[in-house]
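Asks: Before anything else, here's the structure in question.
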Amino acid sequence: MDHIHIGIIMGSQSDWPTMKEAATVLDELGITYETRIVSAHRTPDRLWEYGRTASERGLRAIIAGAGGAAHLPGMMASKTRIPVIGVPIQTRALSGVDSLYSIVQMPKGFPVATMAIGAAGAANAGLMAASILALGDPDLAKRLDDWRAALSASIPEEPCDD
Ligand code: RP5
């Protein structure tokens, strides 16, 4: 089996439809990853164990999505020096601003690279993880350049009526 480079973790099964966007991008770029439900509040021991072993297992980045009182990305960043990319999940009560504020305002010393709220943020988390990996992987760098060029080429020059 290929070495797993990226961990995609999330606080709940209900986060998966959003976090799937990150997985899709990694699939498109041929990057290996694992997916886990790891909740800061409901499964704190699982969080600690995941963070404790992340480096020795060879993970290069962790994409962490959570909603509401979204402590998962920050707590993971406190436990491992592996880059943590946070995805604020859109919530019903506060539209994800709660998630964003919970993730983005980290104290000095324990950064979380915080993405946009929701699906765009999850997709960008996948791309950010790819950018990190591409620094040491010329083949992946080429695939990422091609991916970006294809997106640019798909944008029409003029608007149309459908
Ligand atoms: C957070 O609470 C999760 O990340 C999720 O976004 C939110 C709601 O979880 P569920 O009640 O849907 O399991 O911990």
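Easy rule for this one: first residue shown is 1, then count along the chain.
Including glycine, each Cβ sits where the backbone N, Cα and C put it.
Keep in mind that this is a model prediction, so the values were computed, not measured.
Grabbed the feature section from TrEMBL, which reads as follows:
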| type | residues | note |
| --- | --- | --- |
| DOMAIN | 4-155 | domain 'PurE' |
| BINDING | Ser12, Asp15, Arg42 | substrate binding site |
Asks: Looking only at Cβ atoms, how many others are within 10 Å of the one on Arg42 (substrate binding site)?
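Replies: Excluding its own Cβ, the number within 10 Å is 11.
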Asks: Can you list the residues of the same chain, besides Ser12, Asp15, Arg42, whose Cβ falls within 8 Å of the substrate site's Cβ centroid?
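Replies: So the extra residues in range turn out to be Met10, Gly11, Gln13, Ser14, Ile37, Ser39, Ala66, Gly67.
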Asks: At 10 angstroms around each C-beta, which of the binding-site residues Ser12, Asp15 has the fewest other C-beta atoms nearby?
Replies: Ser12
